[in-house]
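One structure below.
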């Protein structure tokens, strides 16, 4: 039987390190590498593509890591790159000039252990008659004999030691559990890497910003923030992402399916983690706690923003005025003050606003919506700040005090206007007569004097007043007399 030209060998799927690269891996990562290589090796055996399986299998099981022999290097033809010498051997049948001994010697010369610069095929033969085991594996390949059969998938295997692997894959067995959080893993080496999260070990540091990570994969993903690399592209909209998981989450947006429903309010979500975050609103759970002031938050991102308050760092600042902000979003909002940009327009009256939240509040003027209601008197307000200010009328709270005369006020704007009396500041000017005034409302009254307008009318006597306040005073006096 002639071997297929498309036959996959262990070298085709193996991840081979140089000695320098292997030195960058810690013990847990080496074990994980060994486990993955071992599984790839077993999978190849299950389809009968690898004849010299036993010794490679034993060396992987003994955690003796392999790497490409770079002792002999040659100058590459393109770009002058140094490339490791790679030996290839023809895909020939057993009667075309390549014996089992020759194949084994070629493999032994191509792969070497980290502590040896070269390795001889005789070193393999000394360990438990490995050559006879190779010949046994090759003879099985020649004859096609596969004595072990799986009862579930009817797949045949040439080695009983490999027979259990497909069953393990089908059952997705995760026998190694974390004592801290209960998360399970297929490999104990993967568990060891996971446990760094609980131990706080962060062995991998970014050279650009100094941020540390518990896994090298997380560092590689983070470095794309600095390089701008987004290798994972959405086929529908072309949007790029730094990590595959973000692309997977994004693709569900195109599907539009919302399978996760909140039992409390009925709101639907695309992802289960979005539902979990939302449910904290109903349960009041705040699992993320500040270690400095013990304030708790529903989201980790909220905690991260809060922690910057303690450090005093404001990494986002305006180049013109130097004002700093904790979040870049706040910086972008602030910059609209300098640019004068007001991109949000009201369709009813055409008024423009810098922020979408301002537009939403303004639209309540047209709709008449007043969602904030006082529990004591039933009066409603458009904004929450308006309701909070109204509450002070019931409580009598006046938190803003004048340092000059001691007079108290319910709101900050009132004390600012009051202080102009002490400093004799009159920032408002009548456009008709040029008279300077303390308050903006006084300027409006002055303009009414020039125009003769008296908009406030008493319904009982018909008398008109320039200011609504004057009418209210007259009415209160009349009611007291009666």
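Each residue, glycine too, has its Cβ placed from N, Cα and C.
Residue ranges 153-175, 176-198 are listed, and Swiss-Prot annotates 176-198 among them as zinc finger. Looking at 428-450, 451-473, the stretch flagged in Swiss-Prot as zinc finger turns out to be 428-450. Residue counts of the zinc finger (344-366) by helix, strand and coil are 11 helix, 4 strand, 8 coil (DSSP-based). Ranked by Cβ pairs under 8 Å to the zinc finger (400-422), the stretches 204-226, 260-282, 428-450 are led by 428-450. Counted with DSSP, the zinc finger (176-198) comes out as 11 helix, 4 strand, 8 coil. Under 8 Å from some Cβ of the zinc finger (232-254) lie the Cβ atoms of residues 221, 224-225, 270-271, all in the same chain and six or more residues away from its ends. With a threshold of 8 Å between CB atoms, the same-chain residues lying at least 6 positions outside the zinc finger (260-282) that come near it are 249, 252-253, 298-299. Broken down by DSSP into helix, strand and coil, the zinc finger (288-310) contains 11 helix, 4 strand, 8 coil.
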